[in-house]
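Here the structure comes first, spelled out in structure tokens, and everything after it is commentary.
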């Protein structure tokens, strides 16, 4: 198997050197003469632990060479890795010009290529926005005259390399990710990475393209959050390192999968109150903490997002299943479902509410005061009779993950209801025309 690697920058030279070390014949394609000469003289064009030694070894063995002749590289390979740069423009938009210039070069070469042992598979390693792979394939197909998934294919294969640890990351990734919708291409890519022990995961092309942006944005968010905590701690005379060391000890919630799965907005008696308090305290101390200060705004926008999804269905009779801020409680305080009901009522919708944990007669104290203040006619719209509730509505909004709601809707047969699922309680219904998810 012969591999052409387009772009011998950071990602490209790591990929080329490590694949060559595994015995593949690798041709590095580069426009920069200095990089070409460095590689062909057995030297790495970047500073990175172990790479120089690997490049020296694989150039001597004949497994790696560099060239600016893209046509020859395509002619003498059956796999291409696209590792060219995707920098930011002045507006922040990703600049994909190098990607699509490479697409044109490969297309020109494929148009002249005759010795197809199998389909030519192009792996895009460069970080690029969802939709790039398909546009790349369109360019190749239109110029080359070859057919995608017959003569060639383009797939997404994002890298997870950290500078300073790239070789180790290449050989020990969290998983190998392939965005691909062609079994032949999948088989070829599996063979390329067969030396890796990491799980091999196949997803849709756009999911694979999106993941790298999600990863890096989250990493940036973590750094920004920790540094905002540092600023407020210093103002208060507190050692932020000690605070965050304690924070990191909690693997049940703080450092865990919890709160990282898309769903509805947060609420309750603690989170909103404490986020607002810390935000206020920072302003009082003359600090600007934009991440912390915008958490509540982001939460409100998510409620608005759910509201807009419901309104697009143009239904008048709406049922809300779950009005508490989460399942397994009768706590209504600052529940996003309460806000959603208020907004729907304000739009003139006929809204009924069913919540297996809420009985108005049993609500006491601040909990009762809150709901009677927020929804003045709550006694008229809170229904305890499940059958009556479903008979009276045409659309059901599910706001929390009570298993009984799933069972109730599955057993209801009188009519087909539109389901707006805010918590992914019905993943199997996603293909139904009457099912709407909040982020899926």
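For all residues, glycine too, the Cβ spot is worked out from N, Cα and C.
In the record from TrEMBL, residues 35, 86, 127, 163, 273 bind NAD(+); the candidate from 231, 333, 359 listed for the same site is 333. Cross-referencing 101, 326, 343, 347 against the substrate binding annotation in TrEMBL, which names 160, 161, 162, 163, 212, 259, 260, 261, 262, 263, 267, picks out 326.
For the binding-site residues listed here (162, 273, 333), the lowest count of other CB atoms within 10 A around the CB belongs to 162. Here residue 333 (NAD(+) binding site) is positioned 9 angstrom away from residue 270 (active site, nucleophile), judged by their C-alpha atoms.
Comparing the binding-site residues 35, 212 on other C-beta atoms within 10 angstroms of each C-beta gives the minimum for 212. A sphere of 10 angstroms centred on the C-beta of residue 163 (NAD(+) binding site) encloses 12 other C-beta atoms. Listed in sequence order, 169, 173, 174, 212, 215 are the same-chain residues at least 6 apart in sequence whose CB falls under 8 Å from the CB of residue 160 (substrate binding site).
Cα separation, residue 262 (substrate binding site) to residue 273 (NAD(+) binding site), rounded: 22 Å.
Taking H, G and I as helix, E and B as strand and the rest as coil, DSSP gives the domain 'UDP-glucose/GDP-mannose dehydrogenase C-terminal' (319-428) the counts 45 helix, 17 strand, 48 coil.
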